[in-house]
Amino acid sequence: MQRAGSSGGRGECDISGAGRLGLEEAARLSCAVHTSPGGGRRPGQAAGMSAKERPKGKVIKDSVTLLPCFYFVELPILASSVVSLYFLELTDVFKPVHSGFSCYDRSLSMPYIEPTQEAIPFLMLLSLAFAGPAITIMVGEGILYCCLSKRRNGVGLEPNINAGGCNFNSFLRRAVRFVGVHVFGLCSTALITDIIQLSTGYQAPYFLTVCKPNYTSLNVSCKENSYIVEDICSGSDLTVINSGRKSFPSQHATLAAFAAVYVSMYFNSTLTDSSKLLKPLLVFTFIICGIICGLTRITQYKNHPVDVYCGFLIGGGIALYLGLYAVGNFLPSDESMFQHRDALRSLTDLNQDPNRLLSAKNGSSSDGIAHTEGILNRNHRDASSLTNLKRANADVEIITPRSPMGKENMVTFSNTLPRANTPSVEDPVRRNASIHASMDSARSKQLLTQWKNKNESRKLSLQVIEPEPGQSPPRSIEMRSSSEPSRVGVNGDHHGPGNQYLKIQPGAVPGCNNSMPGGPRVSIQSRPGSSQLVHIPEETQENISTSPKSSSARAKWLKAAEKTVACNRSNSQPRIMQVIAMSKQQGVLQSSPKNTEGSTVSCTGSIRYKTLTDHEPSGIVRVEAHPENNRPIIQIPSTEGEGSGSWKWKAPEKGSLRQTYELNDLNRDSESCESLKDSFGSGDRKRSNIDSNEHHHHGITTIRVTPVEGSEIGSETLSISSSRDSTLRRKGNIILIPERSNSPENTRNIFYKGTSPTRAYKD
């Protein structure tokens, strides 16, 4: 319920449904004035009127300037115009200019027709030009007032105005306003016409007939000087002679044109379109009558044709100006306010529509990121086909690369390719869900314990189907870490600081265990004062970057994806959930004998899973959950005691290149282990070379990446931990737990964000 007051400031009204109908409908609703229960004064009641004098169901506006303006401004102007017209038309106080003429000019020697014999005399013209439009306007206003008064709540009816204790309804005010402007326009048109006629003194076609010039009184003959300037008229009727000197412009034409145009504008603005022919009929009738009035002055030799045409232009121009600017095109006084409200309403609708869309998207995207446990246990949305994945909506968002796919988008590691420093290409923004997490070890243990307990109840078997050899797309491994908190947008878009990626430049892969000084180097930036986050990338459709020349390979990948996508429909859980559940069933998840609080997670993308009974020294990343001095430490075993502190690629111990990290080989198996976990850290980075069998006496959470030998057909699994021995010290602020997509063509890029070239890894 919206409360609104009248323009006078004292009235109040109730408008129901204003929010649903919009500004225009609410403004057009009539405000009902209610009577107080005690018979007291009603809202909006004027001081000078009693309750009985106030019409019921009407909105009354109080005006202080209505009567003073009418009495002291409008009436004097109208009266002065009438008085001036009287002296110009009915008296000889103002005489026209005496202009010259030629001797025996036949264009000025037309017969003179008496006023009583004229088709439209001047007095008749004044009567018709005044009475016709005035009566038409008053009748039209009366009919309009009656029709609007019978409507419910008086919609479209102007409010009454109380001025000086008198109540003026809309009919009276509109009639007086329109008729008064019409009268003023007639007087103004007549005055302008008379002034022009007196100033020019252009002769009428009958001038020589009524003038009767005496050519003998001239000192020279007409043959010697044909143009005569002197007054040689010998006619007895001076009034007729003076009238013959006022031909330009035609007064009949100006008055008729003004009346016709003025009343036509009234019809166009007032009459509705319910009757398609009534409005044109009335308009054409008045226009034709005005034209006839002007043409009769030509046929009866009262004016020249040019005088009539100019009179039409003058009269029509005056009527057009007064109709548009004096009476506002005959529209209600508050119509301009309605038009302004329409503009405001359109702007309001445009502002509200995006808000509704944003609120809907917020509601759909905020369900999965309410808290940490909700993210960890969030069910993976089922993507039934590639068509469903290509829809960008609140559930699924496809991230396309900003640059076209080309050679600069692909990085190939091979022992046959030379080293090349390719400029980095800005990667597409991924949908990441980030939440704030506590730094204490108790909170981390609690989260991991809850996660394990909830997944132990899931007794679902992991179905892994071996893809066809030669058709699995290559995986692109990219590492990113963020040292600043991110926020999740409406669609789940990742909004945060600019993406900073850890780029690994390709180098020659050695064939032996000797370290290469030119290996790829890694530098990570840690911004001070940043908050710690648990960063869990959301499962999205990754882009497969291919060269324009290798479109056939991409077609093969899509074909293979369509064949194997049906096999993954039954897996509604995230990939990491399924791996943990399967590992629990097979007894893979085991604790260290010296560590009762730690846990080991094994994740492989091959057909079979390999238990962790045989520990490999180079494949374990240890995170100290309860360090000394409250400083989480990352311990990465390394077999080298010295080095440059950079990533170094080493050949496998058995001398086989089966585990070489090569992404551009289509014959590889597409499944690879991508499980990586970063730990929190705020102190100095520490690095130690320890054996994999030696465990820390504190609680350790270990994520192991175990490579498994390929099947009989030669499919191999890419491994990170067994293919290289990395020595890494970093100050991590984010724990990344990537999830796996169901589509085999999807690639998971695990990347560190927020790198810094100033702080590198040391020995």
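Note: Cβ is positioned from N, Cα and C throughout, glycine not excepted.
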Correct range for region 'Disordered' (source Swiss-Prot, candidates 33-54, 363-384, 627-648): 33-54
Surrounding residues of the transmembrane segment (178-198) on its own chain - C-beta under 8 Å, 6+ positions past either end: 74, 77-78, 81-82, 84-85, 88-89, 94-97, 126, 129-130, 133-134, 137-138, 141, 245-251, 254-255, 258-259, 262, 266, 311, 314-315, 318-319, 322, 326-327, 330
Lowest local Cβ density among ASN214, ASN219, ASN268, ASN455, which the record lists as glycosylation sites, within 10 Å: ASN219
Rounded distance in angstrom between the Cα atoms of ASN268 (N-linked glycosylation site) and ASN455 (N-linked glycosylation site): 78
